[in-house]
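Below is one structure; the comments refer to it alone.
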């Protein structure tokens, strides 16, 4: 007879988690609302306001009523607690199944299959010796390659320029309802959820059609990259409440610095002199841009400092995401689409749990019902984000990372120009100089990287057995 006690214990962990979530949610609701957290709902009859039953505010709406300068910190804390409600029971279940050797049991059931799918690792024979990523390369047909390059250029530009314009519109512009009342959309996490759930659906359908659903990596391995991914996306959206879009785009170029730091910490990577030089150039260019850019709506020192802090958090989490994914590619054999599917799955679970706890679904859907234009913008934003990710993988697989970097650098320059034209941002001469320094550093980095690879190839071709006598090739810049 099958022993169901371990299954019952796992279910008990889940039930306790749900109970704790409801309890903490009620406590937060009472403390933030300083009372029952209700507002009187009224209808107008013959010019007279008639009050009906009071309308209860959700936790998300209570947070929105706080001052913008620190409400993001409250929401961040509540969001993180919502993510922990998925992560902590997952860790407890993982520890418990390992301790009782649950995965080694011979009896199988739908419940145990789910546990094995989440926590079962790949055997040594299924591990990848290499990175497991698609290698960039050309087919040899120049006309076909040219057409494909134009297709990739068009796809990346169209998807991410659309995504950038709508991102700034949703987070900074007011939407008008049927009564001509204007309001801002404030819940960045809902946007992260819509982006990730659509990305998961697209990749899941693709993998199902291609019959590539089998994952060699344990499913829980994707949760770390997923957590850092949704945190970086949330910080990115929140930053637009305090700094303009051109500042955010330039700040993304500074990701090289935290990526190098994370590479040192996580992967023990070593970097060339030109990589440190270009990192310094990017930092100087960003300082020039921040000094020379002006935005009348965000001129206080508090909002500027908050925006810079949010951008630093965004870059830190984003750099961890890329390094952790790199480690997964090195260890397990998987395609980029499988990586995207796994990360988006956990991102959907994390954000859905947090939104449910805060009442974010109801408040966001209520805003969407009152502002139909927001619905269109949100849908197009999610579609462009998902399509953009697919174009990223296809471009890298077909032409390599260098071509992709050049295209995305051009996209950043055009995105800054579009944002300034559409939303009337002003940049001084010093700010323009800062932009030029940043893009010069990016192109210099790409050029030096290619030169170093060419030197290493020539070095490998000329060392016929005397490689021990020849030092490591270096690139002087």
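Glycine is no exception: its Cβ is also placed from the backbone N, Cα and C atoms.
Annotated by TrEMBL as transmembrane segment, the relevant range among 242-260, 299-317, 318-336 is 299-317. Residues 72-94 are the range that TrEMBL records as transmembrane segment, among 72-94, 95-117. In TrEMBL, the feature transmembrane segment is placed on 378-407, out of the ranges 348-377, 378-407.
Sequence-distant contacts of the transmembrane segment (273-292) (same chain, at least 6 residues past either end, Cβ-Cβ under 8 Å): 246-247, 250-251, 253-254, 256-257, 260, 308, 427-438, 440-442, 444-445, 448-449, 452, 474-475, 477.
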